[in-house]
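Straight from TrEMBL, the features:
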- 18-462: domain 'Major facilitator superfamily (MFS) profile' (DOMAIN)
- 12-31: transmembrane segment (TRANSMEM)
- 66-87: transmembrane segment (TRANSMEM)
- 99-120: transmembrane segment (TRANSMEM)
- 126-148: transmembrane segment (TRANSMEM)
- 155-177: transmembrane segment (TRANSMEM)
- 189-210: transmembrane segment (TRANSMEM)
- 274-295: transmembrane segment (TRANSMEM)
- 315-334: transmembrane segment (TRANSMEM)
- 341-363: transmembrane segment (TRANSMEM)
- 369-388: transmembrane segment (TRANSMEM)
- 409-431: transmembrane segment (TRANSMEM)
- 437-458: transmembrane segment (TRANSMEM)
Amino acid sequence: MTGALRELARSPVLVAAIFISGIGGTFQYGFHISVLNSPSLFIKELVNSTCQQRYGRSLESWELSLIWSFIVSMYCVGGLAGTLYAGHLAGAYGRKTTLLLNNVVAICGAVLMLLSKTALSFEMIMVARVLYGINAGVSLTVHTMYILECAPKRLRGMVGVSVATFVSMGKFFGQLLGISEVLGTEEHWIWLLAFSGAAGLLQLLTLPFLPESPRYLLLEKADKHGCETALRRLWGAKKDPGPEMEEMLAEHASLKSVKIHGLMDLFLDHNVRWQLLTILVTFVTLQLCGINAVYLYSFDVFQAAGIAKENLRYAALGTGLCEVSTSIACVLIIESTGKRVLLFRGYLCMAASLALLTLTLYLQDFVSWMPYCSMVLIFTYIFFFSSGPAGVTAPLPGEIFTQSYKPPAFMVACILNWVGLFLVGMLFPLIVEHLDYFCFLIFFVFCFFSGVFVWFHVPETKNKTVLEITEDFKRMHQKRRHSLQSKLSSIHINNIQTTKCTKL
């Protein structure tokens, strides 16, 4: 860990790339997941005022709830649209150029947010949410691709976790800026919702000083000199980029006759079946692991533990801060621990936390000190979520797929993410209404199944090239298939021998 940190410290341009790509990248996604909680009442007032002025009547509660649901869900619609085009844009124009243009979308969304209150138009908020979704959909894919392709092999795990760290930071800043002492007031809520424009503008002004992705330059543009120049700028003049360029060229040579694959190729090619299953399982579980349910019930648990109602928002900030700090700690331990262990351990410990949390929530009406146990379990769950699945899952497509499959792999991962986010947002209130805290048992099943799947079907990716990881996938499943075939053969032979003995 110390050696990896020392190596990262010797690469100041790479450190700058992590922060600059992150602030206009996955930070935006995390920010918009949490930012609507604080100004929800003010937005609903704007919706009512708009209808009062236009149609001369106030909305009924179900009408207001319907419009509010549209405002919330428009973000997922935009995110899905951005995801569908992100891979194509990154391949056609480059990672850096795509990120730069993507900031214009965020700035346009911020302008609409700022004008919505003056124009008395909640439709402008809806359009802005779509634009923010497009921006976040593109960022999730292209930011991850860019930063992983800029990092040396030894630091790829550490740098990849920074993608999730910026998601956690975005969530935390959405909570922090939304408190009434900052921007969560009737006068300033539009500035809160327009904050993404400032983050986009910051990246737009600073990203031009960074190089394009070296892998993109070498493997897709065949610009060997440009790749070497970019690597020397990112990693420092003292580090020899030769060995890793040779690895990239070896991958390029092995894929020379292979075209950049599309979505159907990814699903039809049996050679990448287990990599695809890994993406399907991990990204589905990322949304269905119960993190939103834990955050929702944290308010009830904190209140039962004696925290005053007016101070619950600060307790919620504590959960957000726990996620950020754990995610940063994950950056420091991932190179020594390995991603497979973090995923496996994270999911199984999350499953155990959810099972125990269901029990403590059931018992807290009967045992006075049980809410404190629930508090501990909530922070334990967030710790294992942030140090495992949250930090490891996002960069997985860039690590286990070769260059020709990366765009469709990231597309599938992000589609799963956005569809999952949309379904959780629409169905989760209904699930809670009917199952109450027993809904955690559904999430327990997903976490437990994913942990077992990772243990048996996913190899370690630490300090390995994509080709080495591909071979590990083949070796792992060929060994299991041969073992199964030998067991079946021995059973068949035993049956034949038994039949012969019976005849005799």
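A Cβ is built for glycine as well, from the same backbone N, Cα and C atoms used for every other residue.
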Which one of these stretches, 66-87, 155-177, 341-363, 369-388, has the most C-beta pairs shorter than 8 Å to the transmembrane segment (12-31)?
155-177
So which of 66-87, 126-148, 274-295, 315-334 is most in touch with the transmembrane segment (437-458), counting Cβ pairs under 8 Å?
274-295
Using Cβ atoms and a strict cutoff of less than 8 Å, what residues sit near the transmembrane segment (315-334) while being 6 or more residues removed from its termini?
1, 5, 34, 157-158, 160-162, 164-165, 168-169, 171-172, 175-176, 179, 295, 298-299, 302, 307, 342, 378-379, 382-383, 385-388, 390-392
Intrachain residues whose Cβ lies under 8 Å of the transmembrane segment (369-388), provided they are six or more past its termini:
164, 168, 289-291, 294, 297-298, 301-302, 304-306, 319, 322-324, 326-327, 329-330, 333, 342-343, 345-347, 349-350, 353-354, 356-357, 360-361, 363
Within the same chain, where does the transmembrane segment (66-87) have neighbours whose Cβ lies under 8 angstroms from its own Cβ atoms, ignoring anything closer than 6 residues to its ends? I mean 6 or more beyond.
29, 32, 36, 40, 43-44, 47, 59, 98, 122, 125-127, 129-142, 406-408, 410-411, 414-415, 417-419, 421-422, 425-426
What average pLDDT is reported by the model for the domain 'Major facilitator superfamily (MFS) profile' (18-462)?
87
Residues outside the transmembrane segment (409-431) whose C-beta sits under 8 Å from one of its C-beta atoms, at least 6 past its ends, are 33, 69, 72-73, 76-77, 79-80, 83-84, 86-87, 137, 140-141, 144-145, 263, 266, 275-276, 279-280, 283-284, 286-288, 292-293, 296, 396-398, 401, 439, 442
Does the transmembrane segment (189-210) come close to the transmembrane segment (99-120), meaning at least 3 CB pairs under 8 Å for residues 6 or more apart?
yes
